[in-house]
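Beneath this line is the structure, given in C-alpha cells, with notes to follow.
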Amino acid sequence: MTCSTSLSGKNRIVLIAGILMIATTLRVTFTGAAPLLDTIRSAYSLTTAQTGLLTTLPLLAFALISPLAAPVARRFGMERSLFAALLLICAGIAIRSLPSPYLLFGGTAVIGGGIALGNVLLPGLIKRDFPHSVARLTGAYSLTMGAAAALGSAMVVPLALNGFGWQGALLMLMCFPLLALFLWLPQWRSQQHANLSTSRALHTRGIWRSPLAWQVTLFLGINSLVYYVIIGWLPAILISHGYSEAQAGSLHGLLQLATAAPGLLIPLFLHHVKDQRGIAAFVALMCAVGAVGLCFMPAHAITWTLLFGFGSGATMILGLTFIGLRASSAHQAAALSGMAQSVGYLLAACGPPLMGKIHDANGNWSVPLMGVAILSLLMAIFGLCAGRDKEIR
C-alpha cells in the first residue's frame, strides 16, 4: 500500500473515513472540556492557575510525546500506533471522568499523549497512502478538526445541564474514539510497513539538522504560538475595549469557525501550484494585519477576527501540507511532523502565559498584540523559505 492507486475503492473509502474520524477525535477530546472549566474549578475548588493547567497540560504532553511518535511508528507500524493512540485517549477520558482532582489532571495528560501520537502520525500516513492527494486530504481533515472543535464546545454544556453532570458530559466524548477505533479495525488487520530499513530510519533521525525542516517547523510553530495567544486572550482583549461578555464570546466562536474555513479553499489552490511561497507569506501576513487591527481599530473586531482566523487556519493547513510535500518518505514525514509539533506546542504552551504577564506589566493589550504581529511577519519569512518546491534530503 504505497500509494492511493493501490487501494481498492472500498478500502480507500474506509481508510479516508478512519482518518477523518481520528481527526475528529483528536480535536473534540481536546476542546470539549473548555466550556466546563468554570464548573470544574468550582467542583474541585481549583485556583485560576490550576484551572489554566488543564488547558496547558495537553500542550506540554504534545511537546514531550511528539518526538517519540516516529520511532514508535517505525517499531510497530503507523496503523497500530494510531490504534494505540485511540486507546490512550479512551483511557484518558475514563480516568478524567472519575471523581478525583488528581485523576482529572492525570487523565488529561493521558489524553494529551494519545492526541500527540495521532497528530504526528496522520500526516505521515497521508504521505504514504495518498502521495498525490496530500493537500486535498490534509485540507479535509483540517476542516474536520475545525468542525469537531465547534461540535465539542457545543455539546458538552447541554449534556452537563441535562442530567449527565460535567463528569458524565466529558465521559460521553468517548463515543468519538470508540467510533474511530471501530473504523480503524480494518487497518489494524491489514497492518503493513511495520518496520523501516535501517538506512531510512537513520535518515529520519537527521531531520533536526535540516534547514528546510526547521523552516517548516518554525512556520507551523509560530502559527501555533500566535493562534493560542489569540484564542486564549481574545475575549479579554475585546472586553477591555468595551465589548460585552456575550459579544466577546460570539467573536471567540467566530474565530474558531474562521480557522476551519480555509479547509475548503486552500487545497483547491494548492492542487494547481507546486511553489507555495506566495500563498504561505500571504496568509501569514493576514495574521499580522488581524493583530494590528485588533490593536488600533478594535471597533472593527469582526473583520480582524475573521482575517486572523482565516490566516491562521490557512497557515496550519499549509504547514501540515508542507510536512507531506517536503518529506521524501512517509516515515520522514512522521519524523518531521514530530519535530514540528513538538516545537510548535512548546511555543504554544509558553505563549499565552507570557503574553498575559506582559499585559499585567503594561496594563493593556497593545504590546502583546504587536508582539503577535511581529511574530506573524517572522512566520511569513519562514513561509517563503518552507514554500519552495523541494524535498528534505
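Note: Cβ is positioned from N, Cα and C throughout, glycine not excepted.
Features reported for this protein in Swiss-Prot:
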TOPO_DOM  1-12  topological domain 'Cytoplasmic'
TRANSMEM  13-33  transmembrane segment
TOPO_DOM  34-52  topological domain 'Periplasmic'
TRANSMEM  53-73  transmembrane segment
TOPO_DOM  74-80  topological domain 'Cytoplasmic'
TRANSMEM  81-101  transmembrane segment
TRANSMEM  102-122  transmembrane segment
TOPO_DOM  123-140  topological domain 'Cytoplasmic'
TRANSMEM  141-161  transmembrane segment
TRANSMEM  164-184  transmembrane segment
TOPO_DOM  185-218  topological domain 'Cytoplasmic'
TRANSMEM  219-239  transmembrane segment
TOPO_DOM  240-249  topological domain 'Periplasmic'
TRANSMEM  250-270  transmembrane segment
TOPO_DOM  271-278  topological domain 'Cytoplasmic'
TRANSMEM  279-299  transmembrane segment
TOPO_DOM  300-304  topological domain 'Periplasmic'
TRANSMEM  305-325  transmembrane segment
TOPO_DOM  326-334  topological domain 'Cytoplasmic'
TRANSMEM  335-355  transmembrane segment
TOPO_DOM  356-366  topological domain 'Periplasmic'
TRANSMEM  367-387  transmembrane segment
TOPO_DOM  388-393  topological domain 'Cytoplasmic'
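In terms of C-beta pairs under 8 Å, the stretch of 53-73, 81-101, 219-239 lying closest in packing to the transmembrane segment (367-387) is 219-239. Counting C-beta pairs under 8 angstroms (sequence separation of 6 or more), the transmembrane segment (335-355) fails to reach the transmembrane segment (250-270), with fewer than 3 such pairs. Within the chain carrying the topological domain 'Cytoplasmic' (271-278), a Cβ under 8 angstroms from the stretch's Cβ atoms is held by residues 135-136, 318, 321-322, 325, 383-384, 386-389, all 6 or more beyond its ends.
Remote same-chain partners of the topological domain 'Periplasmic' (34-52), defined as residues 6 or more beyond its termini with a Cβ less than 8 Å from a stretch Cβ, comprise 101, 104, 153, 156-157, 160, 166, 169-170, 353. Proximity of the transmembrane segment (250-270) to the transmembrane segment (13-33) is not established, fewer than 3 Cβ-Cβ distances being under 8 Å for residue pairs spaced 6 or more apart.
Long-range contacts of the transmembrane segment (219-239) within the same chain: residues 55, 59, 245, 247-249, 251-252, 255-256, 259, 280, 284, 287, 291, 294, 298, 301, 305, 308, 312, 315-316, 318-320, 322, 340-341, 343-352, 355-356, 359, 365, 368-369, 372, 375-376, 378-379, 382-383, 385-386, each at least 6 residues beyond the stretch ends and with a Cβ under 8 Å from a Cβ of the stretch.
Long-range contacts of the topological domain 'Periplasmic' (356-366) within its own chain (CB-CB distance under 8 A, at least 6 residues past either end) are made by residues 233, 236-237, 240, 294-295.
Here the transmembrane segment (13-33) does not touch the transmembrane segment (305-325). Their Cβ atoms form fewer than 3 pairs under 8 Å, with each pair 6 or more residues apart. Contact between the transmembrane segment (53-73) and the transmembrane segment (102-122) is supported by 3 or more Cβ pairs under 8 Å, counting only residues 6 or more apart in sequence.
Break the topological domain 'Periplasmic' (34-52) down by DSSP state and the numbers are 16 helix, 0 strand, 3 coil.
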